[in-house]
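Single-structure report; data block below.
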Amino acid sequence: MQTIIWNHLSETEKRKVIMRPVQQNGENIQQAVNAIRENVAYNGDRALFELCEKFDGVKLDKLIVSADEIQAASSRISVKLRNAIEQAKTNIEAFHKAQQNQEIDLEIQEGVRCQVVTRPISCVGLYIPGGSAPLFSTVLMLAIPAKIAGCKKIVLCSPPPISDEILYTAHLCGVETIYAIGGAQAVFAMAQGTESVAKVDKIFGPGNAFVTEAKRQVAQNSTAIDMPAGPSEVLVIADESADPEFVASDLLSQAEHGADSQVILVATCETLAKETALAIERQLALLPRAETARKALNHSRIFIAESLEQAVEISNEYAPEHLIVQTKNARKLLPYLDNAGSIFLGAYSPESMGDYASGTNHVLPTYGYTKTYSSLGLADFSKRMTVQELTPKGFKNLAETVEVMAEAEQLAAHKMAVSVRLAKLNI
């Protein structure tokens, strides 16, 4: 990791050094995803079977995972892992239940009643990546709030063969239907519907560049998505009180996600920065994914800030997905931290806790989107509607205000909708 003293940079250099690596979602990916979209649209299930064999190397005779298969998978999960998943589920449920909205019902003025009511999104689709490290924890993060929100139908897609852990966790969380479909084709199947796959209203979940591009495309039509996605990232603010071994482990826990991940340390102490760099090398030697982590470290940075105030400014400008604060009084910085997906305060709040079991959601905006997007929560699985109800007296008292405004905007029909009612009231 390159170490840079922040105050030695010009304003132009500062903007440049906190830029993320360019995402390689080029024309080739877009063209490939376009072809998959058209194939699924025209050929439905047949396309899904063909693409599964082509990309996953699995020849399926059905797309829906049977209850017997789910039961068999669940029986192979160790008691130790079951207990861990159930503990995480309990914590995540508690935190997301606390997010349930109180409905707003106000009399704004006499005879004018306004409300906000919340309704669940009817049908949601969850995408869970497969591969050598199945992300069953993401099932918890998506299915639990969907269930609490009251979504009527929850379906899940994951590339075959689906891991036992994913099947067990999905069943535990009440997912009704599981499809053995992966990649961009899964996104298009859920967005468009096929003979076997239910069309959904909103799609959630992470994925590779092809899945991300597919989600971008469906979001331009009639299917909503959770949020824009990019490579995973973490920024750590640390002062002289921080433990370099802790800081190094937090940086590496993010770097091991992928070669395109980025990790940033903003330290107010050069000694800590040097000790952390040495600790990273020691810990790297112990990691199975050391090669991946090292690639991520190649485009990561250590910034030396003159103060915690400056460290906060750097963090707010970078707007990280994960923000870890390892300082003497971490909570004192919280009021000044504006842009982050999830914040981890103190030496004993590693990102791993939020990734799995503290209760917060690990589905977070990346690539600077935390300036405008929030971490996933219960609200993402529901929608708000406003309601207004006026009595004749309330209508009469507000009528002139609306007529004047409608006339000023030259919308005669808007004014007429008020005038005809006033006439009926014999005013």
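Note that Cβ sites are derived from N, Cα and C of the backbone, with glycine treated the same way.
Listed by Swiss-Prot as binding substrate are GLN254, HIS257, HIS322, ASP355, GLU409, HIS414; the candidate from SER222, SER232, SER300, SER382 that the record includes in that site is SER232. Non-local neighbourhood of GLN185 (NAD(+) binding site): ILE36, ASN39, VAL40, ALA47, LEU48, LEU51, CYS52, PHE55, each in the same chain, at least six residues away, with C-beta under 8 Å from its C-beta.
Ranking the binding-site residues ASN208, GLN254 by other CB atoms within 10 A of the CB puts ASN208 at the bottom. Farthest C-alpha pair in the substrate-binding residues SER232, GLN254, HIS257, HIS322, ASP355, GLU409, HIS414: 55 Å apart. Close to the recorded NAD(+) site, the chain also has PRO129, CYS157, PRO159, GLY182, GLY183, ALA184, ALA186, VAL187, GLY207, PHE210, VAL211, ALA214: residues not among TYR127, GLN185, ASN208 whose Cβ is within 8 Å of the site's Cβ mean position.
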